[in-house]
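Q: Pasting in a structure now, in structure tokens, and then I'll have a few things to ask.
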Ligand code: NIG
Ligand code: FE
């Protein structure tokens, strides 16, 4: 049994609603878990000591939405967009072609590099989706690669209908043979419910088949237009409705009344030059909000949760505290995890030491690399 005392913490944001912020704090980790948090000077003895010298500490970020298994990039599409070409999701097929052509090793190396990039920026839990294979074998191998990097793997065979296939035939494949091949590697099932991707009936069919196969649901909903995605997510008890950019009042009410988290992905609005989701409206209605990167080569090629926090504060009406909570505890709620996203006794000792006296600096000093150290299960990364 090894105990580590973290002290010299100027401001500890624990995320625990009972006691969210402690000034001049200490934290003790034991065997990878948080054992004690409280004021410095009252901490129990420990085997080792880490003095963070007046810095702030927050829980590791929980990035609950990322597409990391892919090949190629879409620089040209981004450039065109910045000259006024709108984002439609059609570019997904470009990445599908590159992904199908790549070897397992190339895909695994690319995904691992992005996870390493995320870790270095303070993300200690990440969800990874398939969705750039769109054949039985390419979806299966995407998920197998993802399982080597995280427990939070999501089957997104229903990302778009691949070129050359009729939508109904493809939905049959996604809910049949592809699901059977992918389910052993996935915790979650997801579908992109949008004009040009999957309609309400198709989304429902995909999610219901996934749930029947033992997966839990999450949905790409209401990204580019209002539609049935959020409603279906809430009805089916999905853990999360992701994007939530175009919401009716009924959608907001449904999210507030359900256990479905509204996961906002401001990197996508930034990179597609689109209006941001209205986080204030969701929070004021009582919905649980998460922030995630949506890291992918098309709509949001960022791995930085700190960037998303800064965007959420500046552009979406969130306070720094709400944004940091959404990027940690919110993400944990969106993944139905209680062992991450906060620092309270019993949780994993996944924590980030910031080169700043307060978490507020994540928004106050946008673009500045403030992550000083990352500890995973109490161990320095
Ligand atoms: O969440 N919207 C669907 N899927 C991704 C984008 C994928 C892409 O453009 O490659 C998203 O934004
Ligand atoms: Fe996405």
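Heads up, the Cβ atoms here are built off N, Cα and C, so glycines get one too.
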Q: Can you match one of 13, 132 to the N-formimidoyl-L-glutamate site that TrEMBL gives for 296, 298?
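A: My reading of TrEMBL gives 132 as the candidate in that site.
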Q: For the Zn(2+) site that TrEMBL assigns to 65, 67, 294, which of 220, 372 is also named?
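A: So, going by the record in TrEMBL, that would be 220.
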Q: Let me know which member of 55, 74, 348, 365 TrEMBL also records as binding 4-imidazolone-5-propanoate at the site of 132, 159, 223, 299.
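A: Among 55, 74, 348, 365, only 74 appears alongside 132, 159, 223, 299 as 4-imidazolone-5-propanoate-binding in TrEMBL.
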Q: Spatial neighbours of residue 159 (4-imidazolone-5-propanoate binding site) among the binding-site residues 65, 220, 294, 296, defined as Cα within 10 A: which are they?
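A: Passing the 10 Å Cα cut: 220.
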Q: Just checking: which of the binding-site residues 132, 159, 294, 298 have a C-beta under 6 Å from ligand 2?
A: 294
Q: Could you check which of the binding-site residues (65, 132, 223) sits closest to residue 298 (N-formimidoyl-L-glutamate binding site), going Cα to Cα?
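A: Closest by Cα distance to residue 298 (N-formimidoyl-L-glutamate binding site) among the binding-site residues 65, 132, 223: 132.
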Q: Closest to residue 294 (Zn(2+) binding site): which of the binding-site residues 74, 132, 223, going by Cα position?
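A: So, spelling it out, the nearest of the binding-site residues is 223.
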